[in-house]
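Shown next, in structure tokens, is the structure this report addresses.
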Amino acid sequence: MSNLLVLVRHGQSEWNEKNLFTGWRDPGLTEQGKAEAHESGHALKEAGYQFDVAFTSALSRAQETNRIILEELGQPNLPVVKDQALNERDYGDLSGLNKDDAREKWGEEQVHIWRRSYDIPPPGGESLKDTAARVLPYFEKEILPRVLKGERVLVAAHGNSLRALVMVLDKLSEAQIVKLNIATGAPLVYELDDKGNVLSKKALIEREAH
Ligand SMILES: O=C(O)[C@@H](CO)OP(=O)(O)O
């Protein structure tokens, strides 16, 4: 298949499990998170996918997920490009706080706005729009040209850096992006035409997103 782009969010992290805002903090994967990464790699292998290059962020949970997937695919030595442009959104002052405690303090609606709105940043952190302003130029300069050359590309990143990408690929509005959650360890397989438009999209694993 030509023009293959697979996006995958890292498996469950230790802070996902503890329900803490994470952002640019760097916890590792839980056992469940590692299992989700293995499952992703296995599903990609079963579906016959192989890659020419993988991109990931500067954070361990995405790098570890990427490593496990490549191991499952039998491609442990694939070139991997790591860049902080693909990092999770910076959660600013919320980083390290418990999400339920934050709801009690600021209210359910305010916390949902910080987590899922397009252009309202959490205090001291990045909105999705801010995140997109670093993810998209990186995608357009470093990732998309390689996809369009026919290289098969895997991107292992984060809930919100991937929401920024999916928003553009799926042509979602600011209202639609509020409702989009990306599940951990569940590859999204895109086939793009030679201009970068989406020809097909499928989720290889159905998992509930939180
Ligand atoms: O804490 C975070 O960094 C992210 C991803 O786990 O959380 P949220 O889903 O609230 O954007």
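Quick reminder: no glycine exception, Cβ is built from N, Cα and C everywhere.
Remember, TrEMBL labels are computer predictions, not curated facts.
Here's what TrEMBL has on this protein:
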- 9-16, 22-23, Arg61, 88-91, Lys99, 115-116, 159-160: substrate binding site (BINDING)
- His10: active site, tele-phosphohistidine intermediate (ACT_SITE)
- Glu88: active site, proton donor/acceptor (ACT_SITE)
- His158: site 'Transition state stabilizer' (SITE)
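By the rule that a residue counts when its Cβ sits under 6 Å from some atom of ligand 1, the recorded positions Arg9, Gly23, Glu88, Gly159 yield Gly23, Glu88, Gly159.
For the residue listed as 'active site, tele-phosphohistidine intermediate', the nearest of the recorded positions Gly23, Glu88, Arg89, Lys99, His158 in terms of C-alpha separation is His158. If you take the CA of Glu88 (active site, proton donor/acceptor) and look 10 A around it, you hit none of the binding-site residues from Gln12, Trp15, Lys99.
Sequence-distant neighbours of Gln12 (substrate binding site) (same chain, six or more apart, CB under 8 Å from its CB) are Leu29, Thr30, Gln32, Gly33, Glu36, Thr184, Gly185, listed in sequence order. When secondary structure is read from DSSP and collapsed to three states, Lys99 (substrate binding site) falls in the helix class. Here the CA atom of His158 (site 'Transition state stabilizer') lies 8 Å from the CA atom of Arg89 (substrate binding site). If you draw a 10 Å sphere around the CB of His10 (active site, tele-phosphohistidine intermediate), it holds 31 other CB atoms from the protein chains shown. Each of the recorded positions Arg9, Arg89, Lys99, His158 was scored by the other Cβ atoms within 10 Å of its Cβ; the lowest score goes to Lys99. Taking Cα separation as the measure, His158 (site 'Transition state stabilizer') is nearest to Arg9 of the binding-site residues Arg9, Trp15, Gly23, Lys99. With a cut-off of 8 Å between CB atoms and residues at least 6 apart in sequence, the same chain places Phe21, Thr22, Arg25, Pro27 near Trp15 (substrate binding site), listed in sequence order.
DSSP assigns Trp15 (substrate binding site) to a helix.
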